[in-house]
Amino acid sequence: MGDLPGSTGGGGGVGGGGNGGGGPTIAGTNGNSTTGPGSSTGSTGLERPPSPARLSHTSEKHPKVTLSELNMLRRHRELCDVVLNVGGRKIFAHRVILSACSSYFCAMFTGELEESRQTEVTIRDIDENAMELLIDFCYTAHIIVEESNVQTLLPAACLLQLVEIQDICCEFLKRQLDPTNCLGIRAFADTHSCRELLRIADKFTQHNFQEVMESEEFLLLPVGQLVDIICSDELNVRSEEQVFNAVMSWLKYNVAERRQHLPQVLQHVRLPLLSPKFLVGTVGSDLLVRSDEACRDLVDEAKNYLLLPQERPLMQGPRTRPRKPTRRGEVLFAVGGWCSGDAIASVERFDPQTNDWKMVAPMSKRRCGVGVAVLNDLLYAVGGHDGQSYLNSIERYDPQTNQWSCDVAPTTSCRTSVGVAVLDGFLYAVGGQDGVQCLNHVERYDPKENKWSKVAPMTTRRLGVAVAVLGGFLYAIGGSDGQCPLNTVERYDPRHNKWVAVSPMSTRRKHLGCAVFNNYIYAVGGRDDCMELSSAERYNPLTNTWSPIVAMTSRRSGVGLAVVNGQLYAVGGFDGSAYLKTIEVYDPETNQWRLCGCMNYRRLGGGVGVMRAPQTENYMWCENSFKQQATSN
């Protein structure tokens, strides 16, 4: 037998020291025998202690196997030393397991409480099904939280001080938030001291107040909770008139019991911020307001504020302070696309403040696979396919006049399924296809010169590519090289006129949606080799990594993605069987998508762009214009 690695094999061969000893020299002892008086002491004359052989091992299976065996013992009622009586149901368990998992049980079984000496313990004020689920979790580390059990699980987890389950229940409820239930979730969170859930439910309620005020939950609010909501500076409303109307709807739901609360509630409506016409004609003439002296005083205060502008500096207070909702004043345009078997020219505008879609002037050409971007407060529609031909023409929309112009220079190549974005005052057209081949060409438009010029091509041909601008770079994301969908990503540096690869997405995607939101690049939907996708992920440029987020509610290929007033909207697309006109919005705090209405038209491969709301009403079309446009499409 030879020496083990690290030994020198000196002296007497295998045993070392020339004595035919009983084993090999161990690695790390420098080949010197440590037995007998003849052991080497080294150059210092001091005996060097041996380095013992070691193999460290931590079992990954052990915790799972142990828990599984303990759970089997429980189910067979073996070695159980306590029975929990919950609502007449008896649950067998082991004190040590319960104490290790729950501070509540630890205090019960290790202290001087009477229960520490009992073999059967009655637990009150807890649902027996919830208790059984929680005991199962203690033994299996697994639990399913769903709509049917969360309202009993969360109180039970709070009582037993199972913090992990509390957090899971709160996370589940965050994902369920919508305008019809957020007030109930808010109250539930408040009752059970779930501060983070309460904060998020509050924020959701404030941001979506215009929809929340229409819900039945709003009409059923206790007066204290109503006041908590309407006194917030963060209430997202178009005008204070909405707050007054919401309060009066709540009051008139049960006038007999609630009219006594009108002065308390009305003092939190910022009457001085109302228009004079509404203050006098609606508030001042309301019989319930006029019949209460305190309410009349509030109306008089508001009148004085409006009539005496020179005195306003002396009249400042909570009721004169404007509310501060998150970013406002942006609208979303959905442009062209494919609908009912043909390309379309129709364009519509979405205002999140009214949650309403309205038709605006159509383009002069039908365009599917069109690239859309906003430059200098004008909306550009680049290329596309009109149902017969690939296009290089461009149209430009002015929201102030509600008109499209065709005086923009065409691109050097015809392009459909093209990515379009704005960087440093230039409009970039990236990739696409020209009817002959998939393109890696990139060109940019100078609005001052009305001229396109080519820049460095991408390293990969890409049609159905998504583009985004972040940190001074232009990103080209996914698409197809003409053969298969791509997950690769590259970015363009205009200072060096060069494309460089960055980390790929986790999923191959063509015809995906892409937008920059909170310093991340979001990529959603699209199509892989097999099917349309609902999955979504986001890119962090600081770490050069992609991470998944929750999937959309629908599969969407050819989807538009845009950020409007601080919210991320996914618009239209194709789910594999139908063209979509539905819209969904993503909340990064809850990591949740929710449906929020529909366009007038179904759109696959349409473009989206975001602009400041126009200052005039010229962009609003009458019903007859809508019908004419529908006929033209």
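In case you wondered, yes, glycine gets a Cβ from its N, Cα and C as well.
Worth saying up front: this structure is predicted, and the values here are computed from it rather than measured.
Copied over from Swiss-Prot, here are the features:
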- 1-62: region 'Disordered' (REGION)
- 7-25: compositional bias 'Gly residues' (COMPBIAS)
- 26-45: compositional bias 'Low complexity' (COMPBIAS)
- 80-147: domain 'BTB' (DOMAIN)
- 182-284: domain 'BACK' (DOMAIN)
- 331-377: repeat 'Kelch 1' (REPEAT)
- 379-425: repeat 'Kelch 2' (REPEAT)
- 426-472: repeat 'Kelch 3' (REPEAT)
- 474-519: repeat 'Kelch 4' (REPEAT)
- 521-566: repeat 'Kelch 5' (REPEAT)
- 567-613: repeat 'Kelch 6' (REPEAT)
Given the repeat 'Kelch 6' (567-613), which of the listed stretches 331-377, 426-472, 474-519 has the most Cβ pairs that are under 8 Å apart from it? 331-377
Could you tell me whether the repeat 'Kelch 5' (521-566) and the repeat 'Kelch 1' (331-377) have 3+ CB pairs under 8 A, leaving out pairs under 6 positions apart? yes
Give me the DSSP three-state residue breakdown of the repeat 'Kelch 3' (426-472), ordered helix, strand, coil. 0 helix, 23 strand, 24 coil
